[in-house]
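For reference, the structure is listed below as structure tokens.
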Amino acid sequence: MAITYLLPLFLSLIITSSVSANFQRDVEITWGDGRGQIKNNGELLTLSLDKSSGSGFQSKNEYLFGKVSMQMKLVPGNSAGTVTTLYLKSPGTTWDEIDFEFLGNSSGEPYTLHTNVYTQGKGDKEQQFKLWFDPTANFHTYTILWNPQRIIFTVDGTPIREFKNMESLGTLFPKNKPMRMYSSLWNADDWATRGGLVKTDWSKAPFTASYRGFQQEACVWSNGKSSCPNASKQGTTTGSWLSQELDSTAQQRMRWVQRNYMIYNYCTDAKRFPQGLPKECLAA
């Protein structure tokens, strides 16, 4: 089924503008001993994985709320055992984190897209999906929108998940710790594919994932201050991602994805929560 719906793009005057992406300016490769490379004058970045090591990079900026997008083309062919990630994370032992994780699979089998939200080091809010396209054939855009009211995960402009701020119910929500954007390609064949039953085929190495089109509309955190001083006050900025929510059309698209492509939802896993489902699940 063709996907024609795109979420509206909102601009704000008090955020960093989404100028043309340039990896040389916006990110730094943090590990991999040369396996991560910036190419084409900063327009393309590749990560590779072999038996010795994977690789990764991070944004130079920290954000306290933002809308971060990346075009990615995942490892083709037999990617079993590999994990490609795009996420926001704060440092420390009680960290906040918002995850996209792409779990590789055997040739011809679809990737699993794993999402999760951590607050103060506590996660357990997983939702997993199969994608409705081949994520290795072309670049596709993955976006995390994080504002004081909600977190929205989108794929090519189509929302797949919304995690609302339900602190009124006692549910933790990440809103106090600035986070960087991170991405990595690494070996996780002890769990990534069929619970670790399928191992990485190192004869296919090096495995490579490609990135372009990094966009950051965000409240940049620098020297203990935000570029959006009123961002934590809900509803103070209208007409931007800081107050963006899903309209009825977007909600319909999200329900279509969840109905047809969601393969795991912690909110329906009664065996995992014998004392009762999390409160935010009952309120949804």
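The backbone N, Cα and C atoms fix where each Cβ goes, glycine too.
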Of the cysteines CYS228, CYS267, which is paired with CYS281 in the disulfide recorded by Swiss-Prot?
CYS267
Residue among recorded positions CYS219, CYS228, ASN230, CYS267 with Cα closest to the Cα of GLU101 (xyloglucan binding site)
CYS267
Inter-residue C-alpha distance, CYS219 (disulfide bond) and ARG272 (xyloglucan binding site) (nearest angstrom):
36
When DSSP states are folded down to helix, strand and coil, where does ASP99 (site 'Important for catalytic activity') land?
strand
Widest Cα span across the xyloglucan binders GLU101, HIS114, THR115, ASN116, ASP124, LYS125, GLU126, ASP190, TRP191, GLY195, ARG272, in Å?
21
Let me know the DSSP-derived helix, strand or coil state of ARG272 (xyloglucan binding site), please.
coil
Pull out the recorded positions from the set CYS228, ASN230, CYS267, CYS281 whose C-alpha sits within 10 Å of the C-alpha of TRP191 (xyloglucan binding site).
none
